[in-house]
2 protein chains.
Amino acid sequence: MSQRPYNFAAGPAVLPEDVLRQVAAEMLDWHGSGMSVMEMSHRGKEFISIADTAQRDLRELLRVPDNFRTLFMQGGGLGENAFVPLNLSRGGKVDVVLTGSWSRKSAGEARRYADVHVAADAADSGRIPEHWDLRPDAAYVHVCTNETIDGLEFHELPVVPNDVPLVIDCSSHVLSRPIDWSRVGLAFAGAQKNLGPAGLTLVFVRDDLLGHALDICPAAFNYETVAKADSMFNTPPTFAIYVAGLVFQWLKRFEYQGLKGLAAIEQRNIDKAKLLYGAIDASSLYVNRVHPSCRSRMNVPFFLKDERLNDGFLAEAKAAGLLQLKGHKSVGGMRASIYNAMSMEGVQALVAFLKDFEARHG
Amino acid sequence: MSQRPYNFAAGPAVLPEDVLRQVAAEMLDWHGSGMSVMEMSHRGKEFISIADTAQRDLRELLRVPDNFRTLFMQGGGLGENAFVPLNLSRGGKVDVVLTGSWSRKSAGEARRYADVHVAADAADSGRIPEHWDLRPDAAYVHVCTNETIDGLEFHELPVVPNDVPLVIDCSSHVLSRPIDWSRVGLAFAGAQKNLGPAGLTLVFVRDDLLGHALDICPAAFNYETVAKADSMFNTPPTFAIYVAGLVFQWLKRFEYQGLKGLAAIEQRNIDKAKLLYGAIDASSLYVNRVHPSCRSRMNVPFFLKDERLNDGFLAEAKAAGLLQLKGHKSVGGMRASIYNAMSMEGVQALVAFLKDFEARHG
């Protein structure tokens with residue numbers, strides 16, 4: 001068993017220890033090439049084999065249909081907040097559903113390029129709104145399917161009427177569960193939660209949405225240009241792609257309760273979340289304010305009912321080997337991010353600490 | 001001495017072996033933190049110390065004046081080709097001097113946002129034009145100070161009249177020599193040649209040029225926004241910053257012929273280039289077509305006078321442990337990139353191979 005502390009950071013976040021060990025072992029000489037992956041030309045056969053394998057494994061894990069392209073890009077979620085409307089809005093209408101910090105940021109950025117309409121707003125309700133006021137002639141509808149800061153997750157993707165494409169920002173829960181591609185036009189995800197190092201962004205885009213970028217879209221971020229060059233129009237973030245590829249391989253061989261691959265990791269994520277929310281709900285010191293129907297399996301924000309205990313909680317947690325539990329500065333409190341690479345033992349250790357701390361201070 | 005082959009890739013490119021060894025050693029636990037650098041929150045004290053040290057070392061090496069900001073960004077050179085006019089052009093006039101592939105790409109991208117004028121064009125002359133037709137009311141003048149593909153380098157920065165800011169794309173020779181900041185308004189550089197892994201871009205921008213971005217500039221690439229957030233507006237490419245920081249430390253302790261730091265690496269670069277160009281010029285099989293006054297110290301394109309020998313040359317070079325010598329597909333022939341991390345022994349080995357191959361096939 002690992003002697004490393006448990007790292008609950010919201011991203012950049014914990015990675016599988018097996019992956020880190022392999023990265024270290026291959027650092028000076030990848031597969032007899034005499035080069036570190038960092039030193040390889042992105043157009044050489046060695047790196048192309050790395051990128052091709054990563055893309056194939058990713059598509060296999062998520063069962064990406066043939067009519068979707070997979071792009072390896074740069075710029076993160078905040079970059080995509082601009083690139084999506086630059087590529088898809090055609091300068092027309094964009095509908096956004098607000099469920100937290102990230103969807104609000106997306107809406108704000110899209111206003112530079114399109115007529116943005118808030119179709120629904122969760123405000124501080126802690127739940128995803130039921131009624132959406134959608135426009136039939138919108139270029140797309142944007143949702144953030146897992147709000148990293150607020151801890152809301154879509155457990156089912158919406159069906160958007162009138163064939164309006166759905167754009168999902170799935171940065172903080174990508175590869176934690178399947179995606180129903182029949183309901184999606186475009187999905188994007190920064191890598192630094194479930195995939196690998198910061199600096200890599202994945203985009204999955206349906207073929208028919210390519211080719212409509214505004215003239216002011218930078219060439220390096222024009223999805224059609226990137227797709228035609230197989231993500232090699234710009235020098236891609238090669239090392240991050242390599243690490244993500246190792247994470248994909250780790251996921252493919254992951255086993256849990258007789259399951260394998262994405263089904264196995266999803267089941268473990270369900271079980272981890274159930275354990276942690278159960279402990280919070282059973283306590284009289286901790287509270288999570290998200291409605292149970294849309295609680296995130298990945299990001300669990302919680303508050304101590306006596307906030308004067310916050311600093312002591314964090315100090316004791318760190319001493320117990322439980323790192324980076326402080327909540328986002330915009331909401332305060334605590335947050336435990338329990339991404340794919342967080343083990344069941346890590347969540348059990350957190351739950352044991354929650355109970356112990358409450359017994360002593362509650 | 002290293003047993004690794006010599007890697008002449010144009011980028012991503014060879015890194016100092018000491019840096020790779022340190023990255024491998026720290027992969028699972030950076031300085032007792034219990035985390036890999038890849039797993040650290042960019043807002044945690046550990047990563048902030050890494051980023052602060054990297055920035056301080058970089059500024060010290062290049063003697064960056066206080067009125068310049070250093071930004072760690074994403075998007076590479078092709079991204080900056082859009083971000084520079086989005087931030088600096090004010091939708092007005094941009095003058096560009098064409099010296100090769102990269103300056104041509106920059107001009108093309110700037111046309112999306114500004115009135116672009118070609119002030120001079122090297123065409124196929126192999127030398128930097130002397131007469132520049134500059135407009136006094138241009139927002140800035142753009143030059144690429146080292147053309148990675150064509151092998152032309154500015155050995156002195158131009159003095160632009162009328163206080164028009166000079167923008168330099170110094171991607172492929174940054175940190176190989178000093179920069180005369182008195183002549184520069186903005187400098188940018190992709191990391192994957194002299195600095196570290198692909199996916200990190202450095203921008204040095206003079207304070208007075210901030211605050212004029214077009215409304216259509218994505219927030220994540222608005223220099224003022226990035227500067228105000230100390231490059232943490234978006235999640236930065238944390239691991240690439242860490243590796244670049246180790247490269248900066250390697251440069252600071254680098255010694256050569258009684259010199260240290262940037263002066264030492266510059267002198268070794270001068271000596272490496274002299275050795276390689278000397279061997280090419282002395283041969284009757286190889287030719288470099290760039291005028292000696294503006295030959296690059298970093299990228300040495302050369303051609304075999306009998307091109308039927310190309311495939312054999314590359315195969316024999318690889319067998320001799322000399323990797324990635326194939327020229328860019330747009331120009332053909334060969335190219336030896338001899339960045340900071342390429343040792344004198346590597347260039348000596350290449351020169352010995354050139355002579356041996358010529359003796360057998362010339």
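Including glycine, each Cβ sits where the backbone N, Cα and C put it.
Taken residue by residue with DSSP, B:R43 (L-glutamate binding site) is part of neither helix nor strand, so it is coil. Around the Cβ of B:R43 (L-glutamate binding site), 16 further Cβ atoms fall within 10 Å across all displayed protein chains. The L-glutamate binding site annotation in TrEMBL covers B:R43.
Per TrEMBL, pyridoxal 5'-phosphate binding site is recorded for B:W102, B:T148, B:D169, B:Q192, B:N234, B:T235. DSSP assigns B:N234 (pyridoxal 5'-phosphate binding site) to coil in the three-state reduction, outside any helix or strand. Neighbour density for B:N234 (pyridoxal 5'-phosphate binding site): within 10 A of its CB lie 26 other CB atoms from the protein chains shown.
The domain 'Aminotransferase class V' annotation in TrEMBL covers B:6-350.
As annotated by TrEMBL, N6-(pyridoxal phosphate)lysine applies to B:K193. In the three-state DSSP assignment, the secondary structure recorded for B:K193 (N6-(pyridoxal phosphate)lysine) is coil.
Checking the binding-site residues B:W102, B:Q192, B:T235 against chain A with a Cβ-Cβ cut-off of under 8 Å leaves B:Q192, B:T235. Within the same chain, the residues at least 6 positions away from B:Q192 (pyridoxal 5'-phosphate binding site) whose Cβ sits under 8 Å from its Cβ are B:G11, B:P12, B:A13, B:G76, B:A198, B:G199, listed in sequence order. Cα distances from B:K193 (N6-(pyridoxal phosphate)lysine) to the binding-site residues B:R43, B:T148, B:D169, B:N234, B:T235 are smallest for B:T148.
The shortest Cα-Cα distance between B:R43 (L-glutamate binding site) and any of the binding-site residues B:T148, B:N234, B:T235 is the one to B:T235.
Non-local contacts of B:W102 (pyridoxal 5'-phosphate binding site) by the CB criterion (under 8 A, 6+ apart in sequence, same chain) comprise B:G77, B:C144, B:E147, B:T148, B:I149, B:D169, B:S171. Comparing local CB density within 10 A for the binding-site residues B:T148, B:T235, the maximum falls on B:T148. Neighbour counts of Cβ atoms within 10 Å were taken for the recorded positions B:D169, B:K193; the minimum is at B:D169.
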